[in-house]
Amino acid sequence: MAHDHDHDTTDLAPLEGSRLGRRLRLAGGVLLALAAIGLVVLWPRGDAPDLGEPGFREVDAMVLDVRPTTCPGLDVPGDVTCRLVEVRVTSGPDDGSFGSFAVRDIDPEVPDLEADDEVVLRDAVDAPEEFRYSYSDFQRAPPLLLLGLVFVVVVVVFGRLQGVRALLGLAASLLLLVTFLVPALLRGEPVLPVALVAGVVITGLALYLAHGFSTATSVAFLGTLAALVLVTILALLVVGAADLTGLAQTEAQTLTITAEGLDLRGLLIAGIVIGVLGSLDDVTITQVSAVAALRRADPSLGPVELYREAIRIGRDHVASSVNTLVLAYAGASLPLLLFFAQSSRDASRVITGEVVAVEIVRMLVGSIGLVAAVPLTTVVAAWALTRETAGMATAPEATPARREGRPLDWDDFGPADDLA
């Protein structure tokens, strides 16, 4: 997804008016145009599978009181106790009305409710009054909206105009997922072409909206797409070799009934591809910035030397990015890890079981894509910059590395240089 990058790529400005710069921008534009054509061809048409009426509607409510009560129904064991939750409905046609529902104390799906809790209820209008309402979830709109507002403010204050552009790219990417990717998959369009088209367009939106239609952005765009192709091929091979079915999640199992034509194995691969996009564009735009900064610090560097120095920075970035990606997946799967830690199953069986194996494949395939993106992007940026600016060298700046007689590294080109 789109990120708010604050990397200085202005040192590729000499390429903007060059023939090579125009070719790189043209290549990026052509690929984006082809993806746009794919978007039109694969755009969802017709009706999506209809799940039918759920038999209830959801309404907001405020908990007024919770007290012990006799459990309703005839099949309740005598040692099971219940709580009566009294509520006031705060939305829908019955706004302002009062109701109640019973909750078994042993029901794991319902948390401990207290007075003044704001909840979402299922309202089965045609059911008997004592069974009409049931707990669905807590209301979370206010804190989520506040968090979203804080996020927007932080990005805009720090990133300024570039932050605004990054937010526009993020909004456009989310809109594409909602209006194209999900509806197309539900209507039975081929999963991999849909995911790749969406991935190319999302990458283009994220990079070009945040950084402008420049040669530097085009280099990052091409590097990201090259890594994306590698991720797709690797995911295809590994998912097939490991016999992953895509049925590990309950939601996927439900889709076999509600969307019969959906390729669940393809859906798994598409999820891997879409999931790695944000990290890929972060790595590639950083590498382009690193190459530009290195060239500025020492214009006499040739393509091989420039590549070697930039790769040093890339290794640092990859090390942190891979760690971030793995921990993100591990954090999302923490309840699952705790569950298996309590089980008596053999550790090797747990690891090779589909539920865990899917997450391992996501982590490792995504990480390999991140690692590959660094040399792919760096070699294009180093070659392009040295090819077109060979005659523009000026006296190199006295960087800390040059003064100390050591190789250049990331600290020589950090944000402090721009603030000095």
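Each residue, glycine too, has its Cβ placed from N, Cα and C.
If you check TrEMBL, you get these features:
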type: TRANSMEM; residues: 24-43; note: transmembrane segment
type: TRANSMEM; residues: 141-159; note: transmembrane segment
type: TRANSMEM; residues: 166-186; note: transmembrane segment
type: TRANSMEM; residues: 192-210; note: transmembrane segment
type: TRANSMEM; residues: 219-242; note: transmembrane segment
type: TRANSMEM; residues: 262-280; note: transmembrane segment
type: TRANSMEM; residues: 318-340; note: transmembrane segment
type: TRANSMEM; residues: 360-385; note: transmembrane segment
type: REGION; residues: 393-420; note: region 'Disordered'
type: COMPBIAS; residues: 400-409; note: compositional bias 'Basic and acidic residues'
type: COMPBIAS; residues: 410-420; note: compositional bias 'Acidic residues'
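The transmembrane segment (166-186) shares the most Cβ pairs under 8 Å with 192-210, out of the stretches 24-43, 141-159, 192-210, 318-340, 360-385.
Long-range Cβ contacts of the transmembrane segment (24-43) within its own chain (Cβ-Cβ under 8 Å, at least 6 residues beyond either end) map to 15, 180, 184, 189-190, 193-194, 196-197, 200-201, 204, 208, 213-215, 217-219, 221-222, 225, 380, 384. Using a Cβ-Cβ cut-off under 8 Å and counting only residues 6 or more beyond its ends in the same chain, the transmembrane segment (192-210) has close neighbours at 1-5, 28, 31-32, 34-36, 38-39, 42, 162, 165-166, 168-170, 172-173, 176-177, 180-181, 184-185, 217, 220-221, 224-225, 228, 232, 236, 266, 269-270, 273-274, 277-278, 280-281, 285. Remote same-chain partners of the transmembrane segment (360-385), defined as residues 6 or more beyond its termini with a Cβ less than 8 Å from a stretch Cβ, comprise 11-12, 14-15, 20-21, 24, 215-216, 219-220, 222-224, 226-228, 230-231, 234-235, 238-239, 242, 244, 271-272, 275-276, 279-280, 283-284, 287-288, 290-292, 295, 303, 306-307, 310-311, 314-315, 317-318, 321-322, 325-326, 329-330, 351.
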